[in-house]
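**Student:** This is the structure I want to talk about, given as structure tokens.
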Amino acid sequence: MKNAVHFGAGNIGRGFIGKLLADANVSVTFADVDAPLVDQLSHRQEYKVKVVGSECQIDTVTHVTAVNSASEEVIDRIVQTDLVTTAVGPNVLDIIAKTIAQGIAKRFAAGNLAPLNIIACENMVRGTTHLKGEVYKHLDASLHAQVDELVGFVDSAVDRIVPPAEAANDDPLEVTVESFSEWIVDEQQFKGEVPSIAGMEKTHNLMAFVERKLFTLNTGHCITAYLGCLQGHRTIREAIENPAICDQVKQAMMESGEVLIRRYGFDREMHQAYIEKILARFANPFLVDEVDRVGRQPIRKLGMNDRLIKPLLGTIEFGTANQHLLKGIAAALKYQNDSDPQAVELQRSLQQVGVKKTLAKYTSLAEDSVEVAKIETLYNQL
């Protein structure tokens with residue numbers, strides 16, 4: 001594999017997926033709507049990534065360029081590329097679907113019948129399958145059979161903490177990332193040869209890893225943020241270094257972990273080690289990750305398929321403990337941030353209709369359920 005088009009030249013695109021591809025000697029073309037960013041990348045064709053773990057190292061990523069994702073140029077790149085990846089955020093997938101569809105149609109018209117694989121690297125379950133549905137809406141029906149044959153829509157699970165760039169840094173392209181990274185793809189969805197990229201793991205059981213990440217990293221991260229906000233902590237590291245918060249977050253991850261162990265057969269000791277590794281990642285002294293960034297969009301995070309309610313539903317399914325998950329949900333309801341429209345809407349709903357009706361509206365939990373009653377009690381105690 002020689003070429004990739006990557007939609008989204010933000011911190012995750014540059015610091016995670018783009019870096020892994022470039023490190024594997026793939027020529028990466030970033031596609032983004034941020035004109036100054038595109039200009040910088042296409043002019044310099046390299047950028048620095050600060051990788052922080054137990055120590056700090058700076059890597060230079062080369063063999064990259066960039067085009068505007070609203071231009072004809074990105075369509076022409078899709079005509080010739082071997083791989084398309086995205087890190088744009090779930091809401092933007094629907095917007096870029098039309099561009100990808102135009103690229104596929106033009107690719108076939110130009111006679112390029114080599115297999116093309118597309119991997120959405122987003123914080124959502126089966127994000128590429130969702131993207132596929134949107135792409136097909138923009139494709140002529142006469143092309144569907146050919147796309148089915150030649151274009152692989154490959155679902156993935158991604159995990160790497162990439163906080164916003166430090167304001168003090170005068171290099172707009174430099175990005176800071178943690179040393180830990182996990183990119184797991186569904187091997188069965190590729191068309192043609194499955195690419196070999198260091199750092200991209202292949203599996204036949206993707207959903208187990210999607211839920212492991214959602215129920216552990218994402219669940220723990222947002223509960224750390226919401227409890228941290230209540231205690232006046234500014235960063236995730238400050239919050240997790242509070243022993244009471246750390247214990248609460250660990251217990252919540254163990255409750256969600258019990259669901260994973262029963263559902264997918266994860267080894268109990270190995271999963272416990274995974275939880276400990278995540279707690280250590282939250283305490284990384286080199287990562288300045290603000291609780292407001294991690295806690296933002298609380299309504300989305302309270303959705304039935306997201307990081308708080310989905311593990312809770314699993315504990316109900318298996319009849320297992322969930323007290324700490326319930327407390328995490330109560331803490332999410334307390335989240336206040338005047339610059340976050342979802343936080344404002346959530347607080348307005350709580351004031352107007354109360355806890356039970358707000359939970360029923362946003363989480364799909366039944367208003368008269370035992371869980372909602374417990375969350376209301378915990379909410380009033382926080």
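Any Cβ shown, glycine's included, is placed from N, Cα and C.
When I checked Swiss-Prot for this same protein, it listed these features:
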- A4, V5, H6, F7, G8, A9, G10, N11, I12, G13, R14, G15: NAD(+) binding site (BINDING)
**Student:** Is it possible to get the count of other C-beta atoms within 10 angstroms of the C-beta of G8 (NAD(+) binding site)?
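**Tutor:** Within a 10 Å radius of the Cβ of G8 (NAD(+) binding site) lie 26 other Cβ atoms.
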**Student:** So which of the binding-site residues is most packed in, judged by how many other Cβ atoms lie within 10 Å of its Cβ, out of H6, R14?
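**Tutor:** In terms of Cβ crowding, the pick is R14.
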**Student:** Which residue among the binding-site residues A4, I12 has the fewest other Cβ atoms within 10 Å of its Cβ, if you could check?
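**Tutor:** Counting other Cβ atoms within 10 Å of each of the binding-site residues A4, I12 gives the minimum at I12.
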**Student:** Which three-state DSSP class does I12 (NAD(+) binding site) fall into?
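**Tutor:** In three-state terms, I12 (NAD(+) binding site) counts as helix.
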